[in-house]
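Inspection log for the structure reproduced underneath, given as structure tokens.
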Amino acid sequence: MRRAGLGDGAPPGGYGNYGYANSGYNACEEENDRLTESLRSKVTAIKSLSIEIGHEVKNQNKLLAEMDSQFDSTTGFLGKTMGRLKILSRGSQTKLLCYMMLFSLFVFFVIYWIIKLR
């Protein structure tokens, strides 16, 4: 149903775009289309970047979980070793403790010497 006075939908005055000259209106539309396309490409770039960040965060969380479990197992291993050393130090085996310290000192010296030669 058409309203009275609107005719076929074109405004009066010979302008087809509600009082704007065709060239000015088309220029505005082209600029809007260009800006819209520019905005669309920026939004797409930001979306892909955020997806990549999400994947990286998931990978880093997985690596952190693996490191946490490895640290827990290492903590348990070191705790057992320290317990054994405490038992060894409580006993009257000072000779064995001295040998163990000399051996570890020798191993560190050999490692230092190997690294120094490189």
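Backbone N, Cα and C atoms are what each Cβ position is placed from, and that goes for glycine too.
Comparing Ser41, Ser50, Ser69, Ser92 with the features listed in Swiss-Prot, the residue bearing the annotation phosphoserine is Ser50. Under DSSP, residues within the domain 't-SNARE coiled-coil homology' (26-88) fall into helix, strand and coil as 63 helix, 0 strand, 0 coil. Mean model confidence for the topological domain 'Cytoplasmic' (1-94) is a pLDDT of 80.
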